[in-house]
Amino acid sequence: MNNPDKMLGEARRNQILKWLEEASSPLTGSELARRTKVSRQVIVQDVSLLKAKGQPILATAQGYILVAAQAPSMVQRKIACYHLSDIETTQKELQIVVDYGAVVVDVSVDHPIYGDLTASLLIKNRYDISQFIKKISSTNAALLSELTGGTHMHTIEAASEQILDNVCDALEKEGFLLS
């Protein structure tokens, strides 16, 4: 049962790259599947092939993005955090970071068996937080920090060290920052 409208192999992967280059926001696997008239699993395989060929595609909680070179004016810091692994506390932690003008680049945990597990987040504002929380809630997915009893790391990014210092001060005041 072939779909005559579906895009084939290399042409589909080239089109996926073009859409990612043109996109102003992440594109979900479901959206790419709809556009190309193939299954989401085919899109996952296509993205894996593109990544294997060196394309800088990143899978985030919001969808796929093409990673551009980091702006030279941005600074990053890795921070260690601890809090209860519930939605409300997680939301509060993320809001502190974005309200001070920083981006939550990722979350990682040190798993006793698998080692470092990292998930890209790229949370820039409260809208991104609400989308992340909505996705966690609707899928009943576990937070990564649940694997380690609430201890986790974030890479945060901002335009200055001062912004990162302000974020860390606020997180410490709330008792979220491990020092």
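Cβ atoms here come from the backbone N, Cα and C positions, even for glycine.
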- According to TrEMBL, HIS83, HIS152, HIS154 bind Ni(2+); so which of GLU31, GLU93, GLU172 is the extra one listed there? GLU93
- Item | Structural state census, the domain '3H' (79-177) (DSSP three-state) | 45 helix, 31 strand, 23 coil
- Query: So which one is it: of the binding-site residues HIS83, HIS152, HIS154, which has the fewest other Cβ atoms within 10 Å?
  - Reply: HIS83
- Item | DSSP helix/strand/coil residue counts for the domain 'Helix-turn-helix type 11' (12-65) | 32 helix, 8 strand, 14 coil
